[in-house]
Structures are given as structure tokens and as C-alpha cells.
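> Supplied in C-alpha cells, the structure appears directly below.
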Amino acid sequence: MDQKQIEEIVRSVMASMGQAAPAPSEAKCATTTCAAPVTSESCALDLGSAEAKAWIGVENPHRADVLTELRRSTVARVCTGRAGPRPRTQALLRFLADHSRSKDTVLKEVPEEWVKAQGLLEVRSEISDKNLYLTRPDMGRRLCAEAVEALKAQCVANPDVQVVISDGLSTDAITVNYEEILPPLMAGLKQAGLKVGTPFFVRYGRVKIEDQIGEILGAKVVILLVGERPGLGQSESLSCYAVYSPRMATTVEADRTCISNIHQGGTPPVEAAAVIVDLAKRMLEQKASGINMTR
């Protein structure tokens, strides 16, 4: 699927919602304003700010314009300079700050108030707390008994597409991207004439939990939106795992189709929603997912 096809899908979905389609997006790293090469370091600089991310620490560069262009082209840690064999103080502090931010988003919980404000049914896996979630991934792949009963009682049975949201390893990925991905996703699926199940939130869920959900509800396609394991300085990245007719006993990882890096600096959430709608339609047409799909 090329960029032109993606933009056409986005326009179609947004038109059905009565909204103007966004202009073609570019990754944030392409528009970052870079600071000029500097020789001094400020302890007052906010290490999470755009200014800190654009900081160039190479002293007395031969071609400052080349460093500026390189810094604009990537979010990688380039042009940070050295102090002998060691990184400069600001580069090291920013590394530690980004590492701390990534750890924080793994350990944070999605507030119950936020889930209620979105009008989502909340269920959970067999996990009872974050520590157990991190040490027992196998328990995050199964729903607790109360969750099974809640889904049977409150969710639409036998949908064409069932959308599930889970915190995964990044709370920020869910709370930051939710408003921009779920409404256009649901609207696009309904516009396509598909029977859409009741969206709900699974606390402490792992990817494979979608197999049990699909089996319980009789869903043809299950779409799981889950927080990705955060990288350094990027804690808002969301993934979509889609699978056709999942079964706990027989579905393997190769049966899943994954769309990753969904965030404003990667694949924009609205654009991802349009791609997921198209993916769900093709899964239903081909009655397959993962490596079994024909491209």
C-alpha cells in the first residue's frame, strides 16, 4: 500500500465523520528546529524539551550546517560531542532522563477515572498488580473469571470486528493516542458495513489475550491496540495486533498482522486508523491474517 492509497483511505474515513482530512504528515524529527553548535552546557535546560533534543554538543565543528541538517533528519543521539572518551554532561543527563521516563511509563497505571471517562467497559487479565504483570507474562495472556462473565453479558456476540484496548507496557501510548485513533477507527469500520463489537479496555493484558477474547465473543477479526515497550525518550508508541478467527489452542504469532510505531512522531494515529480499517476488510475478504494473507 503506497502513501497515495493511505491518504485516500484517511480522507474517506474522516469524511464519514464530518471532519476535514489532515494534511500529509511528516515525522516530528523532520521539522525539529536545531540549536546551533554550542560549547557550553546549561544546567537549567529542560532535558525533555525540544531544545534539549535538538542540542548539538560538537565543539568547533568544521561544517556546522552539516551537523544541523543531520540533527534535523533523525531523533537518534547524534552530534552530542565528547569530553575525551566520555559523553558530555548534558548528553549523559538527557540519556538518564529519557531512561527514567521510559521506566516511569512502564510502571504507571491507566487511571480508572480515565477509563470511565471514555465510556469503556474495563476487565482485566489474571494479573492483579503491575509487579506480577512484569514477572508473569503468561498470566497476562488469559482473562480472569470475572472478565469472561462480563464480556459474555455486556458485549456484542459474533461481531465481524472486535476492537480491544490494553495498557501493555506503555500507559502513555493509550492515554495520548486514544482520542485520535479509536473514534476514526470505529467510524471507518461501521462505514465499511461491518458488524463492530463493543470496544473495551483490558488491564494488564498481553498480546495473546486477544485469542481468548475472539473465542469467547465469536469474533471474526480481533484488533488489539496495546502500548509498546517504550524506547529511550519515546514512551507514546502504540501497536495494533490484528488476527483472523483466533483460537487459544491453535493461533500462533505468525497468524497476527502487526502495525507498530503509532504515534505523532511515527505513523499518525488517524492515518493508522484508516490503514487498520483497510486491513480488517482484507482479512475478512481473504479469511486470513499474518503470513497467510496474500498481498
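Note that Cβ sites are derived from N, Cα and C of the backbone, with glycine treated the same way.
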> Looking at adenosylcob(III)alamin binding as recorded in Swiss-Prot, which candidate out of VAL202, VAL207, VAL277 goes with GLU228, CYS258?
VAL207
> Taking VAL207, GLU228, CYS258 as the record's adenosylcob(III)alamin-binding set, what's the max Cα pairwise distance in Å, rounded to a whole number?
12
> Same chain only, sequence gap of 6 or more: which residues have a CB within under 8 Å of the CB of CYS258 (adenosylcob(III)alamin binding site)?
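In sequence order, SER239, CYS240, TYR241, ALA242 meet the Cβ cut-off.
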> Which residues, same chain and not among VAL207, GLU228, CYS258, have a CB within 8 angstroms of the centroid of the CB atoms at the recorded adenosylcob(III)alamin site?
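In sequence order, the nearby non-listed residues are GLY168, LEU224, VAL226, SER239, CYS240, TYR241, SER260.
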